[in-house]
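Per TrEMBL, compositional bias 'Low complexity' is recorded for 1-12. What TrEMBL records for 1-20 is region 'Disordered'. Marked as substrate binding site by TrEMBL: GLY89, ASP90, ARG91, MET92, ARG111. Residues or ranges marked as Mg(2+) binding site by TrEMBL: ASP112.
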Amino acid sequence: MAMATAPAADAPPSLPTRSSDLCDQLGSAAQVCEVAWQSYGGRASASGCIQTLRCHEDAGLLRQTLETAGGGRLLVVDAGASLRVAVLGDRMARIALDNGWAGLLVYGAVRDTEALASMELAVFALGRTPLRGTGNGGGALGLALQLGGAQLQPGDYLVMDPDGVVVAPQA
């Protein structure tokens, strides 16, 4: 079954929505997240401007963020590469959809992957586990992140698709 592609949100009109095309256009300015991402959502790709969040085995702030209007943006979650517990599952993915988020890039684990695959949401993560994290609200929103050699800032343009994850820094 072919998976749909989420439209770009707030995409500068000159930036492509495929990772390979973005790399071709930006050349050495393209930042590739050199991580072995796995796709778990019902959409194979997404592109748009990002918001960033850092948490470690605690999904409280992630939930609070997903409860705000996403406006078609992508949420990049630095969960410290933890595969011990998931910070995202089907319930929070549903909240993301209901609030207009186009996708999530999780540097950590997700769960409820069968349900995630049935949702019209792009979800990329390092792996999966059935255990869930805490919901205490720890973490920070709107930080500069470094994932897989790429620098990510809130407002940067990001493309995630089966070929990889590429960031175009704000001009």
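Heads up, residue numbers simply count up from 1 along the chain you see.
Positions of Cβ are set from backbone N, Cα and C atoms, glycine also.
Known features from TrEMBL, placed on the structure.
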residue	record	Cβ within 10 Å
GLY89	substrate binding site	20
ASP90	substrate binding site	17
ARG91	substrate binding site	14
MET92	substrate binding site	23
ARG111	substrate binding site	22
ASP112	Mg(2+) binding site	20
As a whole number of Å, the Cα atom of the residue listed as 'Mg(2+) binding site' is distant from the Cα atom of MET92 (substrate binding site) by 10
Same-chain neighbours of the substrate site, Cβ within 8 Å of the mean position of the Cβ atoms of GLY89, ASP90, ARG91, MET92, ARG111 and not counting those residues, run in sequence order as ALA86, LEU88, ALA93, ARG94, VAL110, ASP112, ALA115, LEU116, ARG132
Among GLY89, ASP90, ARG91, MET92, ARG111, which the record lists as binding substrate, the farthest-apart pair of C-alpha atoms sits at a distance in angstrom of 10
DSSP, reduced to three states, assigns ARG111 (substrate binding site) to coil
